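J.: Below is one structure. I have some questions about it.
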């Protein structure tokens with residue numbers, strides 16, 4: 001089949017799936033889902049009733065039928081095409097499976113199956129099919145280059161950062177779309193109200209990442225001779241991402257019709273970010289770096305950037321993910337929008353303050369390590385005293401914010417985390433024993449306690465389990481990094497496990513602690529806090545983690561070690577995301 005015909009079929013299927021999503025939202029808003037008592041048609045109601053809601057319901061079912069045919073036609077076309085072997089066939093099959101599931105869920109709703117389960121799958125299945133279709137189209141439209149570009153130095157770093165940001169933006173948009181879609185089954189939030197806080201938070205996070213990616217793409221991307229015409233428009237096309245994100249966010253505050261606006265905008269944003277991510281992953285670009293321009297950065301911007309870097313934003317991002325997701329899985333129900341905002345502000349200030357104090361205390365170590373020697377304090381751009389005072393100010397502000405706007409217990413745990421990391425770990429533990437990572441893991445495991453107590457004001461068994469998951473996740477994650485950077489640690493005199501016990505013992509300990517962590521990750525199900533949805537996610541994610549840990553132990557090369565280190569970051573975020581999904585869907 002010709003490439004143009006194949007693409008036309010796939011685009012028609014994508015458009016019909018979007019029409020299915022929009023018409024389905026219209027059915028829910030108008031409360032016309034119950035006017036038809038039969039499936040797939042409702043001819044009796046159509047003949048006997050003059051109710052216009054019947055036509056809305058029938059229109060939705062028509063779009064479902066047309067989209068189902070188009071999706072499976074696209075699947076057949078992709079499999080018959082000789083140019084689409086591999087990943088596009090898989091994603092096309094996933095799209096067809098999800099769409100079939102959502103169609104069956106719609107039938108179950110009419111037949112009287114428990115509405116919560118069927119309703120979630122009905123809309124979520126369509127959204128997941130839409131995402132898989134978008135990925136299929138992007139993979140076919142943007143083929144892998146025969147000779148991948150070779151970048152080095154700062155340009156390669158920029159490329160990795162922008163690619164990672166693009167995929168995170170796509171993931172965030174997908175979560176936001178599912179959050180909006182699931183709101184109809186959240187107790188206390190009917191479809192005739194504005195979007196509840198969980199959806200607003202998800203949309204806001206997706207909007208933030210999308211805007212960031214759009215700005216970075218416009219600022220950094222430079223086309224080269226091999227850049228195809230489709231990708232040349234990416235820097236300009238990226239401006240539509242903030243517009244879609246803003247539209248999705250604004251729709252969250254408009255009753256009734258706002259749901260339709262938000263759902264449409266976030267679905268389009270999801271498709272757009274997926275396409276952008278594939279383009280950035282596969283298309284050759286050059287990247288403008290800080291040294292490429294003739295204009296130097298103003299002094300005040302450099303100072304601000306240095307102080308921000310003291311807070312270690314990359315490290316903080318994962319801490320805030322665990323804090324945020326924890327807030328949505330407590331037994332207290334969904335937190336308010338303002339509680340989420342103030343907890344995130346307080347959490348950033350606490351983690352940032354501890355990070356700045358760490359930079360002040362560790363400057364003698366950082367200067368001897370290639371990974372950290374260019375930080376502001378060891379390089380002399382900021383004095384140790386200034387870094388310490390800055391960290392102290394942020395820490396005090398964090399306690400005030402959390403105490404005033406959340407709960408005293410959340411402020412207490414934030415203070416405990418600051419002392420644990422900035423003084424106990426940095427000042428003594430890190431320099432004294434190879435068990436620094438094991439014991440020090442408690443510092444990184446405190447953010448879920450902050451999020452939990454900010455919502456509930458108390459600590460429960462589930463909060464302790466969340467602490468334990470991160471506590472046992474920390475050793476395999478950081479020991480993998482220590483294996484890669486063991487020469488730096490040896491030169492700086494830091495007794496990390498690879499320096500003290502060698503590579504073989506470190507690889508074995510990584511496997512052992514990985515197994516413990518995966519076992520601990522199943523405890524939420526054992527104590528009755530989570531259900532089968534989280535169980536499936538935890539098992540799948542855990543098996544992948546154990547596979548990578550096994551590769552580190554048996555093979556032990558740099559590729560295996562880096563693979564585990566990078567996946568461990570994604571693993572932790574996805575495990576907590578699976579808990580949120582379980583709580584929102586099952587309750």
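The backbone N, Cα and C atoms fix where each Cβ goes, glycine too.
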J.: According to Swiss-Prot, which of these ranges is transmembrane segment: 294-314, 315-335?
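T.: In Swiss-Prot, residues 315-335 carry the label transmembrane segment.
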J.: Pick from 365-385, 386-406: which stretch is listed in Swiss-Prot under transmembrane segment?
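T.: It is 386-406 that Swiss-Prot describes as transmembrane segment.
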J.: Residues of the same chain, at least six outside the transmembrane segment (409-429), with any C-beta under 8 angstroms of its C-beta?
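T.: Same-chain contacts beyond the flanks: 343, 346-347, 350-351, 353-354, 357-358, 361-362, 391, 395, 398-399, 402-403, 435-436, 439-440, 442-444, 446-447, 449-451, 453-454, 457-459.
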J.: Return the stretch with the most CB pairs under 8 A relative to the transmembrane segment (464-484), choosing among 123-143, 260-280, 522-542.
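T.: So the stretch in question is 522-542.
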J.: At a C-beta cut-off of under 8 Å, are there same-chain residues at least 6 beyond the transmembrane segment (123-143) that contact it? List them, or none.
T.: 3, 6-7, 10-11, 13-14, 17-18, 20-21, 24-25, 71, 74, 78, 83-84, 87-88, 91-92, 94-96, 98-99, 101-103, 105, 174, 177-178, 181-182, 184, 228, 230-231, 267, 270-271, 274-275, 277-279, 282-283
J.: When the pLDDT values for the region 'Unknown' (1-317) are averaged, what is the result?
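T.: When the pLDDT values over the region 'Unknown' (1-317) are averaged, the result is 71.
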J.: Below 8 angstroms Cβ to Cβ, which residues of this chain, lying six or more residues outside the transmembrane segment (522-542), approach it?
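T.: That would be 329, 461-462, 465, 468-469, 571, 574-575, 578-579, 581-583, 585-586.
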